[in-house]
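A quick write-up on the structure given underneath.
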Amino acid sequence: MALKNKVQLITYPDSLGGNLKTLNDVLEKYFSDVFGGVHILPPFPSSGDRGFAPITYSEIEPKFGTWYDIKKMAENFDILLDLMVNHVSRRSIYFQDFLKKGRKSEYADMFITLDKLWKDGKPVKGDIEKMFLRRTLPYSTFKIEETGEEEKVWTTFGKTDPSEQIDLDVNSHLVREFLLEVFKTFSNFGVKIVRLDAVGYVIKKIGTSCFFVEPEIYEFLDWAKGQAASYGIELLLEVHSQFEVQYKLAERGFLIYDFILPFTVLYTLINKSNEMLYHYLKNRPINQFTMLDCHDGIPVKPDLDGLIDTKKAKEVVDICVQRGANLSLIYGDKYKSEDGFDVHQINCTYYSALNCDDDAYLAARAIQFFTPGIPQVYYVGLLAGVNDFEAVKKTKEGREINRHNYGLKEIEESVQKNVVQRLLKLIRFRNEYEAFNGEFFIEDCRKDEIRLTWKKDDKRCSLFIDLKTYKTTIDYINENGEEVKYLV
């Protein structure tokens, strides 16, 4: 299935107007000619993590709408939805049955009880110390209702104890049947792309980091890709890992996220030097989705491990913190840098990270749109939103700094901002200009400049950025064969 080589929007189901119907109205009113696709962050009933602890996929959270709202949107846009392939909610019917009946539950094999890893079911500290942890311990303890016995079950994620997010055993035939049902549901309502969220964590194996365990993970990924394809669905893998892992996935034909680009662009604009960006652009896989911002923070570790000196990385992090950002940190000393650098993600809006400088922000988007891949723009970034400190204070969740919900009046006002109008014009150019379906060139220039070019047949467009001033221009050949200069 051919995906549209056009910019996509990323949004929560309730962040642009309050629900899916209003989201569709907003898209039709303001952005009908702007986006080729829409990534709707989890609209399913969920018990936590703003949708990422799914109770069921068979229905949409009623306050957001119904599956038919998704189907209507799919008439005009490539729809992308998340499949939390690593876990489900502890309030799902499957885990609720397990909580009641324990090992006698017909769904017991869907979950990872500790005896699947350690024969006696007792965790070994030395093994856990080798793991790439997302919480202090990778399991939670639950009491079984009918027996009163305690069961320890694997829970990679979750900020509560016990966790709301219960890991699935992807080697279980029950889990594979469950995933097939999800693909079928998605296909029935017009979903074209499925993002496998947290897929790097699905294989648990003692003696490893329990993150992207090779070669076992490839068996699962190949199975998932084949099954999704049978329903006309493309898979997009969400894997935060070292650069080498991204290359391995790309070589196996998987669509992946370019999680390295956001920090690289930020570094380039803050330091007014193209060196890191040029080195990266010459060595990255092509079949990627590009982004600068998303519902999580700007990736740092482990995505940039080996690509940047931690001292230089810390300088950029410190500037972002001065501009209002907060940080998500790495758990486990083994996965921190030797000098103790432990920043996992920088939580802030991309516009705020660039000090709300319109020209710098448009330069960043121009770099993103000229980088090979399908670009995605997060809804806060679309409206050049600033850090939402009130949301952080209210929720005690650092990532809420970049998850502001916009009402209709606020959307109308934001769309009229000069920086947003300039961004919309740039998005339209990226979508419509034919050369972006051609060949990409990185042009030699001074270190304080950027020159990137796309060519196809008689069409050519060249991006020039003066990093000293952030002035951004695009020279292109129009339909009459004339050279036009476009000041972004």
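Backbone N, Cα and C define each Cβ position, glycine as well.
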Which one of His87, His173 goes with Asp49, Arg195, Leu196, Asp197, Glu238, His295, Asp296, Asp342, Val343, His344, Gln345, Arg399 at the sucrose 6(F)-phosphate site, as Swiss-Prot has it? His87
Please report the DSSP secondary structure of Asp49 (sucrose 6(F)-phosphate binding site), reduced to three states. helix
Quick one: of Asp197, Glu238, Asp296, which recorded positions lie within 10 angstroms of Arg399 (sucrose 6(F)-phosphate binding site), measuring between C-alpha atoms? Sequence order, please. Asp296
Assuming the binding residues for sucrose 6(F)-phosphate are exactly those in the record, Asp49, His87, Arg195, Leu196, Asp197, Glu238, His295, Asp296, Asp342, Val343, His344, Gln345, Arg399, what is the maximum CA-CA distance in angstrom, rounded? 27
Report the nearest neighbour of Asp342 (sucrose 6(F)-phosphate binding site) in space among the recorded positions Asp197, Glu238, Asp296, comparing Cα positions. Asp296
Taking only same-chain residues 6+ apart in sequence, whose CB is under 8 Å from that of His295 (sucrose 6(F)-phosphate binding site), what do you get? Ile10, Tyr12, Leu41, Arg50, Tyr378, Arg399, Asn402, Arg403
Let me check the 10 A CB neighbour count of His344 (sucrose 6(F)-phosphate binding site). How many other CB atoms are there? 20
